[in-house]
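The structure appears right after this line, and notes come after that.
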Amino acid sequence: MEEGECWAECLDVAVRIARTAGQLVQEAVKQEKSVSSKSTPTDLVTEADQQVEDLIISTLRERFPSHRFIGEESSAAGEKCVLTDNPTWIIDPIDGTCNFVHSFPMVAVSIGFAVKKELEFGVIYHCFDGTLYTARRGHGAFCNGVRLQVSKEKDMSKALILTEIGAKRDPNTLDIFLGNMKKLLSAPVHGVRIIGSSTLALCHIASGAAEAYYQYGLHCWDIAAAAVIIREAGGCVIDTTGGPLDLMSRRVVAAGSQEIADYVVQQLQPISYGRDDHDP
Ligand code: 2AM
Ligand code: CA
Ligand code: CA
Ligand code: CA
């Protein structure tokens, strides 16, 4: 079998498991949740996060025993988060855990797939409304089967910007966070939105519903699937310094147009987070 055909088969499997996992999350929203915290009191995790990740990884591992897996909850449990040349699945079982806890309807399952450190496809399933975003490198990006196209807006004063707050809430970090937002708001942009799900925010860039997204402190599982979807929809996904995206760096700027991405890059003062692939 050609590699491309093989990845197409992997994508089909990813779509099926993302739907199954997403429906499980949708059911779990209605149940009582057991909530605890991880690195900080606002870094929430529930039993469902672990259960959904276990389901996704065990299903994929059975089907593709030679593949590698990076998942948010496995990494939290101490598994190494390193991208090798081997086919690697990069999984966020519940993106928007805080939203999930509050039944705020912005929660997704995200499954990305990389080979030789290059992202090959991405699948993101919106657990509340069943919207499915998919893309395969070189084959376009789709929302429920309809082709996606990013916004071609180049004028920052007509842009809608998305971001997320991140885990660090100390006064200095919050000052930088608010300073970055103030700079963008005084461009002036049309508005800034924080929806609580990095992956769904990035899907809104892919669909042209917003012009740019930036975040410090997200993880490789927040960006892997979405990066393919945005690129295949004609957008750019880069580092906050303006250089190429480094999946493990915990920094990203995504935009419909290079002009908007460049503008955002120029406004940002960095917030520093440790890399995903640091030694535990
Ligand atoms: P998560 O729900 O999978 O943890 C809003 O908080 C967005 O930022 C979500 O997509 C969330 O992903 C992500 N995020 C990443 N790291 C986070 C952290 N340590 N605390 C809170 N949110 C985090
Ligand atoms: Ca989390
Ligand atoms: Ca996430
Ligand atoms: Ca998560």
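Placement of Cβ uses the backbone N, Cα and C atoms for every residue, glycine included.
TrEMBL labels come from automatic prediction, so no person has curated them.
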Listed in TrEMBL for the Mg(2+) site shared with E72, D92, I94, D95, one of D170, D175, D222: D222
Are there any residues at least 6 positions away along the chain from D222 (Mg(2+) binding site) with a Cβ closer than 8 Å to its Cβ? List them or say none. D92, D95, S110, S198, T199, L202, Q215
Applying the rule Cβ within 8 Å of the centroid of the Cβ atoms of E72, D92, I94, D95, D222, what extra residues of the same chain belong around the Mg(2+) site? I91, P93, G96, T97, A108, V109, S110, S198, T199, H219, W221
Around the Cβ of D92 (Mg(2+) binding site), the count of other Cβ atoms that are within 10 Å: 33
